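K.L.:
Would you mind keeping the following structure in view while I ask a few things?
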Amino acid sequence: MTEADPLRLLAVHAHPDDESSKGAATMAKYVAEGVEVLVATCTGGERGSVLNPALDRPEVWERLPQLRVEEMARAREILGVRQEFLGFVDSGLPEGDPLPPLPEGCFALVPTEEAAAPLVEIIRRFRPQVVLTYDERGGYPHPDHIKTHDISVVAFEAAGDPERYPELGEPWQPSKLYYHMGFTLTRMRALHEAMLEAGAESPYAEWLATWDPERDMSHRVTTRVPCADYFPVRDAALIAHATQIDPTGRWFACPMDVQQRVWPTEDYELARSLVDSTLPEDDLFAGIRSEVTIP
Ligand SMILES: [Zn+2]
């Protein structure tokens, strides 16, 4: 790493729209500070549903893969990030009992070493100090999210090793790997209680009622990035994914000022680090800033 090296953040996501629902305000904040941010989107989201009732029409379903590319382009502009598709095919969310088999050729069925290759290439070309991905359970149990975690961990470890994937460019070792920790019980409860106090109906009651405390990750949060000023940018990017997001739905039910006051951060777990930083942190680049400069 040289003096002139700018800060770079790579966020790895499963589908178009995931970058806008997980860590979007963090990315917008770093972009505003001059950090280079690249989103790597593993799949094209081809097997997603139309989740916006206003757009649930045959002509929308017919064009869904192309629409999702166009929506991603709008969200990318709103967030001010660069974005690349890795080119894998959406596995879909299997439903039913027993679960149906995953469709042939989908992302989740590609062997992990092979699926990690395009991400290793991106890491070596973009040279991020920080990589963001999902936890080992995918944040939620979609096979593409779990696969996204798996390839991120493999690529983080392999990108700096000249003996692995030697054909994919000059080795580059990122310094920190983080997992998104946005959907913690602690945060949901805080927002829920603030809405009840305000005399409003809480959109989180159902989530909280069915929450399995065993699965809560609150205790794993190491890093809270203050980014409340960028929550409106996050919401605009989410709305750009028009087929995926119901603008009258739960995502937007909690008033902006309540969110900004009650939980003004996006939260992460520092999963791997090759630099020293003191926990808890409020900056994904803690321990790195002293070595590099922002252009
Ligand atoms: Zn997803």
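Including glycine, each Cβ sits where the backbone N, Cα and C put it.
Positions annotated as Zn(2+) binding site by TrEMBL: His15, Asp18, His145.
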K.L.:
Measuring CB to CB from Asp18 (Zn(2+) binding site), give everything in the same chain under 8 Å that is also at least six residues away in sequence.
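P.N.:
Asp18 (Zn(2+) binding site) has long-range Cβ partners Thr41, His145.
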K.L.:
Test of understanding: give the count of other CB atoms lying within 10 angstroms of the CB of His15 (Zn(2+) binding site).
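P.N.:
Result for His15 (Zn(2+) binding site): 26 neighbouring Cβ atoms inside 10 Å.
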K.L.:
Other than His15, Asp18, His145, which residues of the chain come within 8 Å of the Zn(2+) site, judged by Cβ distance to the Cβ centroid of those residues?
P.N.:
His13, Ala14, Asp17, Cys42, Thr43, Gly45, Tyr134, His142, Asp144, Thr148
K.L.:
Just how many other Cβ atoms lie inside 10 Å of the Cβ on His145 (Zn(2+) binding site)?
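P.N.:
I get 25 for this one.
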K.L.:
Translate the DSSP assignment of Asp18 (Zn(2+) binding site) into the three-state scheme.
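P.N.:
Looking at the DSSP assignment, Asp18 (Zn(2+) binding site) belongs to a helix.
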